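Have a look at the structure below, then the notes.
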Amino acid sequence: MTLEVAFDPYAPDLHRLPWVEVTDLAQAVGGTVHGDGGRVRGAVIDNRAVRGGELFVAMPGFHVHGAKFAADAASRGAGAVLSDPAGMAFLTDLDIPAIIVPDVASVAGQAAAIAFNRPCQQLSAWGVTGTNGKTTTTYLLRHLLHRVGHLSSLVGTVEAAVGKKTAPAFITTPQAPQLQAFAATTVQENVHHMVVEVSSHALAMGRVDPLHFACVGFTNLSQDHLDYHGTMEQYFQTKASLFSQQRSDRQVIIVDGVWGQRLAEQLERSGQHDFVTLSLTGRPADWQGKIIELDGGFTELRLRAFDGKEASVQVRMPGTFNAINAALAIVMVVTGLSPSPRQLDGDILRHLTVNPIRLDVPGRMELLCEEPRVIVDFAHNPDSTKVLLDTMRISTKGRLLLVMGADGQRDPGKRPILGQIAAELADFTYVTDGDIHEEEPSGIRRDVMAGMKGYEEKFVEVAPREVAIERAILDARPEDTVVITGRGHESIMFTPEGQYDLDDRVVAREALSKRN
């Protein structure tokens, strides 16, 4: 019997890679070599992932320096270590060479790219960034690229996929060495396009360096991640960096929000004129879109380009926000594959819109039951929660019930805002826990409920999360809608005591079985 080996998108075939001399690699990243020269192929940041010959990238972490694990990496067959002066203390007795640089994070991507034979130069990369809509837009982008005959890989919040092979994701945008490994896998699978969900953390930490994108798209910007970025301005500038000509060739920007407008104005002032703008609200833009609501919560999307080309397509995904995501994906594919952003290929636009667009994205408006209607969604910030509840209200015949929590050790400023939105837009809210991390959960719930003052009859505090989900579903009448937000596809819950398995969809289905 042959055992099937699980697909690892971050483990390309090392034997298909050329060896790289350590001295050459050190020279390329501006480092100094300690120990005898050697050679490497491939790169890893996890010592447990070493298979033989890789460069072990040892970066400082929040609690411990990665160089502490260099000896174990060497024992597993690593060919060399990349670290910094702080990591040298752990490298004194190694029998493999070390490359020392002032800042590992700033060169990790470049070093990994060289170690993986520069895979990103052998494919076209597509990136999507913004606060909301990134995941769905990347799925749509990959789907539409396939529609016009361009196979692509996908790496993002939900999964990493190459061809028909998939694996769960562990972070929105992988660390730089992992992203280069994923690109190498993409190349080895004979796939020539790679779609990347680009987070603000990834941009700030250099995870997408030195990747240069063929085409990037901007969805929107609203309050999120201020625990990391500090201010909305810094959050915006981090996102905006993806749209410079140093990082991307072509850019598509939705300008229906103030931040999208600012981004377009900023690029214009910098002398960058080939970017493309898109509006679905009638604002001045290169592409105009109109969304017509149809029965069943679906929409018809009509697009008109600056040169007069027109197309319309049904988007058989609930909510106008999915039509917006589809519009961005369509314009990106046309912009990215045409001879130039200002010389559009009408055949591509026709092929993209000849058939309705229908795509299921795990944990994004995922429908589990019709009566009562139960929806699981990743909405976890004020803007996405408001849009989701507004959308569900339109098609809800009975009550709109919401199960909602907030994460620990994440932007606390949005917690009362989430509470206020829930109190105003849902008929009843079950305030519960998100990923607690290292915080006291009752304090997080208290922060959420601080925004619900005056609406005490419209919410209840229920913990743990499993109980809240079950209670909401058992309370629901057949005509009601139960919306479970905050975690979407996620299947691991993080608490001060550790992590455990928790998938909102599994809990909800178990609760639904108790109604029968």
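Note that Cβ sites are derived from N, Cα and C of the backbone, with glycine treated the same way.
Positions annotated as ATP binding site by TrEMBL: GLY130, THR131, ASN132, GLY133, LYS134, THR135, THR136. According to TrEMBL, the feature domain 'Mur ligase N-terminal catalytic' maps to 42-105. Residues annotated as domain 'Mur ligase central' in TrEMBL: 128-332. Here TrEMBL flags 363-488 as domain 'Mur ligase C-terminal'. Residues annotated as N6-carboxylysine in TrEMBL: LYS239.
The structure, with features from TrEMBL marked on it.
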{"residue": "GLY130", "record": "ATP binding site", "Cβ within 10 Å": "25"}
{"residue": "THR131", "record": "ATP binding site", "Cβ within 10 Å": "21"}
{"residue": "ASN132", "record": "ATP binding site", "Cβ within 10 Å": "24"}
{"residue": "GLY133", "record": "ATP binding site", "Cβ within 10 Å": "25"}
{"residue": "LYS134", "record": "ATP binding site", "Cβ within 10 Å": "25"}
{"residue": "THR135", "record": "ATP binding site", "Cβ within 10 Å": "25"}
{"residue": "THR136", "record": "ATP binding site", "Cβ within 10 Å": "28"}
{"residue": "LYS239", "record": "N6-carboxylysine", "Cβ within 10 Å": "23"}
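The predicted model assigns the domain 'Mur ligase central' (128-332) a mean pLDDT of 92. Geometry remark: ASN132 (ATP binding site) versus the residue listed as 'N6-carboxylysine', CA distance 13 Å.
Cα-Cα distances to the residue listed as 'N6-carboxylysine' place none of the binding-site residues GLY133, THR135, THR136 within 10 Å. A Cβ within 8 Å of the Cβ centre of GLY130, THR131, ASN132, GLY133, LYS134, THR135, THR136, the residues given for ATP, is found for these other residues of the same chain: VAL128, THR137, THR219, ASN220, ASN325, SER384. The DSSP breakdown of the domain 'Mur ligase N-terminal catalytic' (42-105) into helical (H, G, I), extended (E, B) and coil residues amounts to 21 helix, 14 strand, 29 coil. THR135 (ATP binding site) falls within a helix when secondary structure is assigned with DSSP. In this structure, GLY130 (ATP binding site) belongs to neither helix nor strand by DSSP; it is coil. Secondary structure counts, DSSP: the domain 'Mur ligase C-terminal' (363-488) has 54 helix, 31 strand, 41 coil.
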